[in-house]
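Among the features that Swiss-Prot reports, [4Fe-4S] cluster 2 binding site is placed at 63, 67, 70, with the record citing sequence analysis. Annotated compositional bias 'Low complexity' per Swiss-Prot: 354-372, in sequence order. The domain 'Radical SAM core' annotation in Swiss-Prot covers 49-281 and is backed by sequence analysis. Here Swiss-Prot flags 338-372 as region 'Disordered'.
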């Protein structure tokens, strides 16, 4: 693909703006908070900030790794850590009146624990200040140190996220040499095992079992094949991942890996269907979807609000199938409604009515990711 191939229409977004966007931008400046939305030049920054959603980056804005897709600054922080950051960030986020917050981090290979204790302290402090707040942590691989993974999970984030980023074959070409596809899978597998252990311990003690999820993300259009994407989805599901997001890779600059193809929206829809059929609790697959995209956050909130419907103990449980069927029905109805909005003259097949047991208002189908 030519270096300066124009973006297709479905990848064009309006410029950032709006009162909420400017308020958040000013608030982050005043509170001295780094956001990955800006550091990584996310194309959704305008939309997410208008909706009052943002992803805060911990441990500074210099990453020790140099992946070929990432716009975050690479360097050597030389062990520098702001020990006041957990308290500062927790208090700052608590002031923003958010329902859901994503906290990510730069890789810190210069620290013995990769920054795990720092992240865990921030989560714990934020829980203390805002026990009603749902927290997602998007972390690195901690160089494969599972004790670091345990430390973050034990702090109690509602969602533990770690991205495989790309399919297996091109991992060594696209990601930093210190990253590994299998190591990322091992981190996700360990996080799910730890979540299940904590839930079992709580149940044994007669306490409510915490609802915890794992999440990962894949970029496409960077040299993979469709079959390799499906293979990566199977690998993630085998590792116990609950939520997956798939989005188009966009080149941050001429120094980064070139875009190999612009994946059609129909192909993204096929990836999403395949993921749901594999048993993921949620799959968001569309050109502008990113790991921290707000629609996935809304789904987590809806899932956590499902009354007494606890998460299944194993991926093959009947509860997963029932939940999947319910969500698919909602997604079909939402897709039909959206099609009617976009093209009212287009004939459409009849859509089955909602079953009496369904709760459409609490479910967020991935059709809501399509940009209007």
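Keep in mind that glycine also has a Cβ here, set from the backbone N, Cα and C atoms.
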[4Fe-4S] cluster 2 site, defined by 63, 67, 70: further same-chain residues with Cβ within 8 Å of the Cβ centre: 65, 66, 69, 71, 72, 74, 106, 107, 176
Count of other CB atoms lying within 10 Å of the CB belonging to residue 67 ([4Fe-4S] cluster 2 binding site): 21
Per DSSP, three-state class assigned to residue 67 ([4Fe-4S] cluster 2 binding site): coil
All-chain count of other Cβ atoms within 10 Å of residue 70 ([4Fe-4S] cluster 2 binding site): 23
